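Features of the protein shown, as given by Swiss-Prot:
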- 7-36: repeat 'ANK 1' (REPEAT)
- 77-107: repeat 'ANK 2' (REPEAT)
- 122-151: repeat 'ANK 3' (REPEAT)
- 152-181: repeat 'ANK 4' (REPEAT)
- 183-209: repeat 'ANK 5' (REPEAT)
- 210-239: repeat 'ANK 6' (REPEAT)
- 265-293: repeat 'ANK 7' (REPEAT)
Amino acid sequence: MDDQPINIVTDIKNAICKDDLDSFIILMENNPSINLFCEPDKQSIDFGGIIQPIEFCKNNDLIKMVNEVDDQLIDHYISTVLREEVIKNCSVKILKYLFDMGLPVDFGRNFSIRLCSTKYLGSNHYIKENPGQDTLSLLRLLIEYGVDVNAHNYLPLYSAVSSKNFDKVKLLVENGANVLRVANGNENSFYFKIDSIKYLLDNGVEIDMNLSRALFLSIKDNSIECIQFYLELGADINKISPMDIIGLIKLRNIVGIRLLIENGFDFTSLNKLAGNNNERIIDVLINEANVDISALLKILLEFW
């Protein structure tokens, strides 16, 4: 690799940041060893003679081979960093030029669609919001060049719904996104987004989510709308335990309780729950102080 002055790479990054295509092309043409048009991730590094038994190599040969490998790794690193900068800065003009020059739209294991959808992949990988540059325009360009909208286990649609970006959700669905996959443990940030989920269902998108968990969270949140929605979607009410509905009782949510009754929840399971507990103050009040059960229940509900 030719030695690359730091200021050359910096100049290229500045052109990317401004989406200055003319300056970018001039810099790239004047520095041909920086190649952003291929996909280093899919190339094999030529280790040359390093494949042969190490004892047959002379010291000078080893140093030369190590330097050659280092040069290739540095080339790949610079190329990868600069290409990622194009995505992070939403540099649509430059990205279009790179695609036209042969850069695969799925470079870097679909780095572009992954970052464009979520805007944040880690401390060093996040979208920089610049005036006149937006991720929706970037997503349109990626789709125009044939990006897989269901890449990385349906991550794009998941990220768009998660970030509450309906324009992206709509664009992805219109271009073939067909599964919303919510992994176990992530329902907490999704169960209440029923408007987006309704839109997806109306447009034939498969919802791959733990509905019973979503129902539990809806009950816990005391949300009538969400409870009804997930019951209608087929959430298994038998997965709800007696302890899960205590909050509805405590908050006097009559509508929610009736919804559960109408959908087959067995409230007599509360009797078993109470019977399994050790002696408590309520047992003493009822059995030893002769307090009326109904009166005690009214008092508890009033001041709970």
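We number each residue from 1, going along the chain as drawn.
Glycine too: its Cβ is placed from the backbone N, Cα and C atoms.
Residues 154, 157, 161-162, 164, 166, 169-170, 173, 177, 217-218, 221, 223, 225-226, 229-230, 233 of the same chain, all 6+ positions outside the repeat 'ANK 5' (183-209), place their C-beta atoms under 8 angstroms from a C-beta of that stretch. Over the repeat 'ANK 2' (77-107) the predicted model carries a mean pLDDT of 91. Helix, strand and coil content of the repeat 'ANK 2' (77-107), in residues and according to DSSP, is 22 helix, 0 strand, 9 coil. Secondary structure counts, DSSP: the repeat 'ANK 4' (152-181) has 20 helix, 3 strand, 7 coil.
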